[in-house]
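Participant: So TrEMBL lists the following for this protein:
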- A:10-68: domain 'NLE' (DOMAIN)
- A:102-143: repeat 'WD' (REPEAT)
- A:144-185: repeat 'WD' (REPEAT)
- A:187-224: repeat 'WD' (REPEAT)
- A:234-274: repeat 'WD' (REPEAT)
- A:359-400: repeat 'WD' (REPEAT)
- A:401-442: repeat 'WD' (REPEAT)
- A:443-476: repeat 'WD' (REPEAT)
């Protein structure tokens, strides 16, 4: 073997699930990232060019093969496994400026939410009103009065035809976003305030009829939004239920201040398992399917299915189901819970009541946790002023994002999982780049604490509301 | 002396007298008449005592009636919504009420330039030089009198080193140096013990300002980073002005009001 002979690396491409794509390849070490992308596209016979990210032993290939390969110190004789991750075809441009601050609420804005199709924006406030905003002209649209106390949480039906809002008195009202009128009568049943709302996934029922609510009075109730009555009351928690999530595979997940996460069957409300492990209140839950369940049948890639209630229901349901299956195919439905004991737990709630991983590192309580839309990364916001990124498959710690000077209340991902925005008590929003894991843009503007942040599903806008009573829209 | 509760025992065994209720009703019905008679006939100090007691009784009675009425009306008046709405995740936590973020930074800066503040104590008694500075005699025969000792509370920066005695014109006694002040936030109505950063202005004389003399009405700069105030850009505010409201040299502590 002469030294002048060109060095070759025996490589093969491996997907996240561990499947080998194509045959083994003899690649020159100076093979660049762009060339790898071309090869990978050719192997998968994609018509459009799909962006990828490549890893060797968890080191990302940024320039060429050789550099990363040397980093991971592998031998030449072995076959090099190149892990590829498909990225979103579309790219969300980072928001850079505040395009409008919309005053109107007479008290702190507590919850902000874009509709699944990204066409409507709603906000709930301490002045007992729910407001709809026109995001094209950035003006108020409807003011909905009906509640008698602070509107704590709002939730859009997956087909964007209804909005449910819940107040501190424990009452739920459904609103029509077109007219701003109340639909039916007020749903009364909870004895104390309602902590969260969650709709039935679109692929299970395209009618968008049922939703679950959790309350301080330790109950979870399932409501019928057509007959306006309570279908089922699920009791079992010992203390206030903090979050309820309606999963995509027929299970309801609930977290409570009694230190447990419980899994219920949706059909009959029977307790499937109790996930124990936390040492203090469980504050928040997130599913890796959260994003898919939220946007229902809306397709951010082709920008279709915006009027899901107009088109063929069967077709859009199939579409939603197909996409849901795509997401859960590699690892199933994953659950992560954040707690007052400064840790997070990663669960596989469908099969096991033992945690997959315990994510430690925060120095204060964890207030919010979210999966990225592609389900690869999870981000946790904590009162210790930092955001931490974790690998959602193994629970491995990836990075800490520091920059806020006070407690971080909420995070929101962009639809392409490349960016993230966070709202904090220090009155700013900050935009983070998930590739470099650095602060991209600082977004000051609010005069007081930011309570709620939401990124629209089409990725064009970010809305935020807080203690200073104005709703702000951010665009690029 | 009676042994045991024999009256109660008898009552339990045999019940009350048959006319007990009737007698009780009549006694109660007679009560106002009886009281009126005593009120009419009492004279002097006894009348005074009686009237005072009667007045107190009436006040108590009225209070009770009012309380009962409020209890009855409870359902009607619960419509107003409490202020200070917080999101769900903060509802079960006792969040300290924090001051608003500085309302108008530009206004504040302008004020700073003009050197004028809307201070809580606008008029301050001028401190004469003779009052603040005591002459210290020096020299072998104590003939020289160019040294001065500050007799008021002072703030001396952290890295300060005294000059050699030959050149030290102003002596600031260690016992009168202060590092912390009790600062009240006027909106929060809460007081914090905060470290002093510097003396911004002593209204009596610019020389006192440079010496760091703290008297009543002096504007000092304090470190408020532990209060957790933030600017609009999301930076922590750490220095803010406060005006001294007491006479520190008399009290042994500095009390001040934050200028918001």
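Cβ coordinates come from backbone N, Cα and C, glycine included.
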Participant: Against which stretches of its own chain does the repeat 'WD' (A:443-476) lie, if we need a Cβ under 8 Å and a gap of at least six residues from its ends?
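Facilitator: Apart from its flanks, the repeat 'WD' (A:443-476) reaches 90, 92-114, 116-118, 121, 123, 125, 131, 133, 135, 138, 294-295, 298, 300, 303, 406, 409-416, 421-431.
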Participant: What counts of helix, strand and coil residues does DSSP assign across the domain 'NLE' (A:10-68)?
Facilitator: 16 helix, 22 strand, 21 coil
Participant: How about long-range neighbours of the repeat 'WD' (A:234-274): same chain, 6 or more residues beyond its ends, C-beta under 8 Å?
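Facilitator: Apart from its flanks, the repeat 'WD' (A:234-274) reaches 192, 195-201, 203-204, 211-222, 280-287, 289-290, 292-293, 324, 328, 333, 335, 337, 339, 345, 347, 349-350, 353.
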Participant: What are the helix, strand and coil residue counts for the repeat 'WD' (A:234-274) according to DSSP?
Facilitator: 0 helix, 24 strand, 17 coil
Participant: Please work out the mean pLDDT for the residues of the repeat 'WD' (A:359-400).
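Facilitator: That stretch averages a pLDDT of 91.
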Participant: Determine how many residues of the repeat 'WD' (A:443-476) DSSP places in helix, in strand and in coil.
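Facilitator: The counts are 0 helix, 17 strand, 17 coil.
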Participant: Can you break down the repeat 'WD' (A:144-185) into helix, strand and coil residue counts using DSSP?
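Facilitator: Result for the repeat 'WD' (A:144-185), in helix, strand, coil order: 0 helix, 22 strand, 20 coil.
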